[in-house]
Amino acid sequence: MINKSNLIGLTCISFLSYALTGALITITGIFLENISKYFNIPITDMGNTFTFLNAGILSSIFISSWITNIINLKTQLIFGFILTIIATLILIFSHNLTYFSISMFMLGIISGITMSIGTYIITNLYTDQTRASMLLLTDSFFSMSGIIFPIITALIISNNMKWYWVYFIIGIIYLIIFLITINTKFPIIYTEISKKRIKTWNFSILCLSISALLYILGQLSFISWMPEYTMKYIHISINQSSKLVSAFWMAYMVGMWIFSFILKFFDLKKTIITLSGISLFLMSLFNIFYDYALLYIIILSLGFFSSAIYTIIITLASQQTPLSSPKTINYILTSGTVGTLLTFIITGPIVQKYGIFSALLVSNILYGIVFFLVIIFATLTKTKPIHD
C-alpha cells in the first residue's frame, strides 16, 4: 500500500509532466519570427524545424511501453532530467540549426515519455471512481502551461532577451520533477497484457481517429500561426498577441473542468456535434474580424467550447467495442499526436505560398471537416451507455 506522501509526490509528477509538454508546444507561435531571424532563415522554414519536436513526441508513444519494460519509471525520469540539461545547453551555446533540430527532437522524446509516465502513474494509482477526474485534472496542467508560458515568452522577447531563456525556464519544470522523483518511492506497477483482440476496428473508430487527427491539426495550426497573423495584419504588439494565446488556453482549461461535471447529463453524440459546430462558427468569426477586444472575446469562447471535443472523441471511441480497450484509446491518442506532428509540415508550405492568413483558413476548413465527420459518425453508429 502506497503511503500518502508518495501518492502526493507521484501525483505532482503526473501534473508537471503534462505542464512540461504543454509549455514546449504552446510557445512556438509566440517567438517564431524572432527565432527565424536568429538563424537567418524564412519563418516557414523555422516552422518546419519545430516538426522535430512533434516527431520526438510521436516517437515517444511507440518507445515508451518498450522502455518501461526495461527501465523503471524513477530511472527514466532521472535520465530524462540529464537529457533535458544537455538539450538546453545545446540550445543556449550552439548557434547551429542542425543542433537546434536535434535538441527539439530530444525535448520531444523526453516530454513525450515523461507525459506517458504521468498518465501511467495516474491510471495505476487511482481507482475507477477517481481516475477520470484525476486524468482530467492532470490534462488541465497542459492548458495551464498554455496560459503561463506564452506570457513569459512574450516578456522575454519584448525585453530583448534571447529566445533560448524560455527553454531554460521550461527546464525548471523538469528540475522540480527530478527533485520530487529522488525523494519519492515508486511502486512496482505490473501491466496486464490483454490477449483479447479488438475485432471492431470498424468505420466508427476510423471516423473518430480521423476526427482526432484533423481536430488537433486544426487547433495547433490555428494557435501556432494566429500570433504572427494578429501582429502583422491586425497590428497588435507581441504582448497582446500572447494574451490571445493565453486566453485560449485559459478558457480551454476552464471548459475542461466544467464539461467534466456536465457531460454525464447529455448525449455525447449530440454534444460533440453542437460543440464542433459552435467551434467552427467561432473560428470563422475570428478570421473575419479585426477588432482586438472582439477577437479576445471570440478566442475565449473558442477555447471554452472546443475544450471537450477531443475528450469526447476518446470517450466515444472507447464505447465502440464490447469492452473498453486501451488499444482503442491509444489508437485515437496516436492519431491526435500525428495531427501535432503534421502541424508545420502541412501549414509551412501553405504559408510560404499563400501567406499567414491561409493557415487560419486551413484550420477553419479542418474544423469544418471534423463537424461533418462527427455528424456522419452520429448518424451511422450506436453508442453504449456510460457506466460509472
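Keep in mind that glycine also has a Cβ here, set from the backbone N, Cα and C atoms.
Worth saying up front: this structure is predicted, and the values here are computed from it rather than measured.
Residues or ranges marked as transmembrane segment in Swiss-Prot: 12-32 (among others).
Taken from Swiss-Prot, the feature transmembrane segment covers 51-71 (among others).
Distant neighbours of the transmembrane segment (77-97): 13, 38-39, 41, 49, 71, 103, 106-107, 110, 113-114, 117, 164, 167-168, 171, 174-175, 177-178, 181-182; these residues of the same chain sit at least 6 beyond its ends, with a Cβ under 8 Å from one of its Cβ atoms. Per Swiss-Prot, transmembrane segment is recorded for 77-97 (among others).
What Swiss-Prot lists as transmembrane segment is 102-122 (among others), and the listing cites sequence analysis.
Sequence annotations record features per position, and here Swiss-Prot assigns transmembrane segment to 137-157 (among others) based on sequence analysis.
If you look up Swiss-Prot, you'll see 163-183 (among others) marked as transmembrane segment.
Summarising the annotation, Swiss-Prot assigns transmembrane segment to 203-223 (among others).
Under the heading transmembrane segment, Swiss-Prot lists 246-266 (among others), citing sequence analysis as support. Among residues of the same chain six or more beyond the transmembrane segment (246-266), those with a C-beta under 8 A of the stretch's C-beta atoms are 22, 26, 132-133, 136, 139-140, 143-148, 150-151, 223, 296, 299-308, 311-312, 386.
Residues 215, 222, 226, 230, 233-234, 236, 240, 298-299, 301-302, 305-306, 308-309, 312-313, 316, 357, 360-361, 363-364, 367-368, 370-371, 374-375, 378 of the same chain lie 6+ residues outside the transmembrane segment (272-292) yet bring a C-beta within less than 8 angstroms of a C-beta in it. What Swiss-Prot records for 272-292 (among others) is transmembrane segment, and it gives sequence analysis as the kind of evidence.
What Swiss-Prot records for 294-314 (among others) is transmembrane segment.
Per Swiss-Prot, the feature transmembrane segment maps to 331-351 (among others). For the transmembrane segment (331-351), the residues of the chain that approach it from at least six positions outside its boundaries are 25, 43-45, 47-51, 54-55, 57-58, 61, 205, 208-210, 212-218, 220-221, 224-225, 310, 313-314, 317, 358-359, 362, judged by C-beta separation under 8 angstroms.
Residues annotated as transmembrane segment in Swiss-Prot, with sequence analysis given as evidence: 356-376 (among others).
Here the listed stretches are 12-32, 51-71, 163-183, 203-223, 294-314, and the one with the most C-beta pairs under 8 angstroms to the transmembrane segment (102-122) is 51-71.
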